[in-house]
Amino acid sequence: MKHFEANFDGLVGPTHNYAGLSFGNVASFSNADAVSNPKQAAKQGLAKAKALADMGLVQGMLAPQERPDMACLRQLGFSGTDAEVLSQAAKQAPQILRSVASASSMWTANAATVSPSADTSDGRIHFTPANLVDKLHRSIEAPVTGRILKATFANDAFFAHHDALPHHPLLGDEGAANHTRLCRQYGSAGVELFAYGQSSLIGSPRPQKFPARQTLEASQAVARLHGLDSDNTVFMQQNPDVIDQGVFHNDVISVGNRNVLFYHEQAFLHTEQKFAEIRDKYGDGELHFIKVPTAAVSIKDAVSSYLFNTQLVSFDDDSMAIIAPTDCQENPAVERYLNELVQMGTPINKVHFFDVKQSMQNGGGPACLRLRVAMNQAELDAVNPHTLMNDNLFTRLNAWVDKHYRDRLSEADLADPQLLIESRTALDELTQIMHLGSVYPFQR
Ligand SMILES: N=C(N)NCCC[C@H](NC(=O)CCC(=O)O)C(=O)O
């Protein structure tokens, strides 16, 4: 049976804004209070998704969340009409209002960890929504993320859905952003590589300045839930020094696809020892560890250009392309490196650039915007077809964005009750376009 990797991109929500919410994420902090353009952000994301579909790749979309999250504001003691709740929150707790208004669910690499059926003990695809406990604005995503995943992958015979891990710092889980998979073919069992930032229980080294969001204990729990075999699982620590330089997720410093791991030389701790374990567990077959040396690309350049927050995609002839943000073209060292990379004789022989600047300004590159799901044809046939990208969905979603989205949003707008009404109206229509049912709190 044919196997492939599908990418499910997060549709940017109507409240996309720059609120400086992510300590440790350089772009988020440096663009705090900039004026955003939600319409452009959504269209940039749709254009990238459609372009990948047009390359022959399987591409889906995941719906955004209801924001501002009024249920959360009410849980925090704000009361009255929706307009009163928003106005009290804006006056008394503006930082909380910014958090509940974030469109951060667009970065679906953080939606969940996904293990394909070839790796799991029961032969189903397993999903665990990430608890994202490190940041308030992200920690409120998991319940609705779970519902959207269930509405998208809605067939128990093929898909197993778990609850997010308990919301405790010991179990901080950032989903697929700290997980990758190496395999010969998408349909054959692979090595699942979990990259963690810290472990309180084994007392691992930790960053001094910025948080390490993913814990070893969370990665181990997800591996257990998914029924992974220890022979096919490797836990590797991110280098705390690079977390302190803005590498808040491991997908900011490495990306894997099939038999390639593209990584910066400073990405991990105990690199050679861990690569030996990967080689051992991978077994026969060529494995490419493509190391980018600091002398070619500094950590600063990697973080500002998002060279590693790129998508590595495979085509039927086994060649691979890098899907990169245009920011990589604008950085001379990174552009030079990419020009050399495609000549190096590795499976990567092409680069495609996309302008996703609205997302980049919040620290979200092409790889953050997508959740990978390796699947076979029978599993794809079981996916909600209305979430899959094609000419029709692209046209409908662009028209939907044009109808409902603003082209300018600043902090002052977040308390506007009209923005809440606009968002709910848009999302209500979206659930009909994508046949999702009542996934949002305002619909229940
Ligand atoms: N690397 C991956 N996979 N995802 C990127 C997530 C970016 C996101 N930014 C934000 O949440 C910024 C929101 C703001 O400041 O308005 C984050 O830090 O969690």
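For all residues, glycine too, the Cβ spot is worked out from N, Cα and C.
Caution: TrEMBL annotation is automatic and unverified by curators.
What TrEMBL records for this protein:
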- E174: active site (ACT_SITE)
- H249: active site (ACT_SITE)
- C368: active site, nucleophile (ACT_SITE)
- 19-28, N110, 137-138, R213, D251, N362: substrate binding site (BINDING)
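Annotated features, which come from TrEMBL, shown on the structure.
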| residue | record | DSSP (3 states) |
| --- | --- | --- |
| L21 | substrate binding site | coil |
| A27 | substrate binding site | helix |
| N110 | substrate binding site | helix |
| R138 | substrate binding site | helix |
| E174 | active site | coil |
| H249 | active site | coil |
| C368 | active site, nucleophile | coil |
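Neighbours of E174 (active site) among the recorded positions F23, A27, H249, D251, defined as a Cα within 10 Å of its Cα, are H249. Here the C-alpha separation of A19 (substrate binding site) and the residue listed as 'active site, nucleophile' works out to 18 Å. Only A19, L21, C368, of the recorded positions A19, L21, A27, C368, place a Cβ under 6 Å from an atom of ligand 1. Within the set of binding-site residues L21, F23, N25, A27, the entry lying nearest in space to H249 (active site) is N25 (CA atoms). Recorded residues A27 (substrate binding site) and the residue listed as 'active site, nucleophile' have their alpha carbons 13 Å apart, per Cα-Cα distance. Around N110 (substrate binding site), the C-beta neighbours below 8 angstroms that are at least 6 residues distant in the chain are S104, A130, L132, R138, E141, E174, G175, A176, A177, H249, C368.
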